[in-house]
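K.L.:
Questions regarding the structure given below will be posed in turn.
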């Protein structure tokens with residue numbers, strides 16, 4: 001019954017990678033907390049780099065500096 | 001003053017259906033908790049089926065199997 | 001498969017009222033979007049009035065003024 | 001280490017305004033709680049006016065009335 | 001830079017289990033998306049069973065039936 | 001009408017500091033986006049250091065090392 005929300009920047013995450021994240025998190029919750037995978041929900045949010053800030057600045061700016 | 005976030009898969013929800021959800025949730029909170037509808041906020045997120053997992057797999061796959 | 005998060009101030013919401021909110025929202029999603037109630041998830045967060053702001057001030061202050 | 005999520009309606013917020021929000025919130029958390037700006041995260045969500053409800057109706061409708 | 005929020009029912013999750021979840025999710029994001037673990041944030045919310053609904057009823061009720 | 005959620009570790013944030021955060025964020029949204037403060041909502045979540053991870057470990061552990 002867990003609910004997991006994963007937020008990452010929108011920078012070309014493939015459908016296969018999303019599938020791996022969903023499977024990986026679901027397995028983790030079964031392994032650590034014995035949660036039934038059938039009702040584990042995972043929602044992935046892809047966020048534009050302009051809309052994500054860290055260190056007081058947009059990720060867009062950090063990417064331009066090669067970070 | 002309540003805040004409600006509804007997440008559903010992005011599968012053709014119409015503007016009219018969104019209006020019904022907003023009205024329905026706002027009414028529910030007034031009826032059950034006597035909350036003033038004027039300051040009840042509702043935000044609906046539509047999530048791509050590739051980005052939503054249940055049972056360890058993407059909803060996209062479930063839809064292909066007719067689920 | 002919808003996920004709904006309801007945030008209200010922590011001001012004596014009873015277990016029965018929570019049950020009504022959960023049932024009401026689940027019914028609404030079935031009625032409006034034909035969502036299977038079996039996999040609709042609802043999470044209610046009760047937030048201290050000191051931690052909730054509207055109009056630039058804490059709800060605690062508004063309550064003291066009788067609002 | 002704080003995490004801040006700002007939700008606003010999608011109505012032409014510019015990249016510069018997003019940068020101001022990110023910088024402003026990060027500064028605020030440093031000033032008030034002495035939080036290290038290097039690890040403060042800010043995520044801005046822009047929500048369609050059809051998907052945002054207040055007072056039981058969509059923001060889209062309020063905008064049509066000039067509100 | 002990812003942000004992950006894990007919601008589970010408050011039913012005796014130990015500090016060690018929380019550490020495993022945090023480490024496991026951080027590793028998963030490094031492995032699948034090459035995300036730098038240093039800035040991956042994980043927040044675990046433990047939710048009272050009265051405040052979590054699935055299938056239109058509180059988890060508290062399901063637990064009483066042995067589910 | 002914006003909604004802002006601020007998550008910080010539960011480490012003695014005072015009611016006055018919460019009031020400053022609420023006022024500061026509300027002002028910021030008025031200044032940058034001309035949002036009406038009357039309907040700006042702010043919710044502050046205080047998270048146990050055991051439940052917050054960064055760099056793959058619990059904040060509790062970092063605090064013990066003086067970080």
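Backbone N, Cα and C define each Cβ position, glycine as well.
From TrEMBL, here are the annotated features:
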type     : residues : note
ACT_SITE : B:2      : active site, proton acceptor
DOMAIN   : B:2-62   : domain '4-oxalocrotonate tautomerase-like'
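For each listed feature, how buried is it and what is near it?
P.N.:
Residue B:2 (active site, proton acceptor) falls within neither a helix nor a strand when secondary structure is assigned with DSSP, and so counts as coil.
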K.L.:
Let me know the model's mean pLDDT on the domain '4-oxalocrotonate tautomerase-like' (B:2-62).
P.N.:
98
K.L.:
As a test of the contact definition, list every same-chain residue at least 6 positions from residue B:2 (active site, proton acceptor) whose Cβ is closer than 8 Å to its Cβ.
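P.N.:
When sequence neighbours closer than 6 are ignored, residue B:2 (active site, proton acceptor) has B:29, B:33, B:35, B:40, B:41 within Cβ distance under 8 Å.
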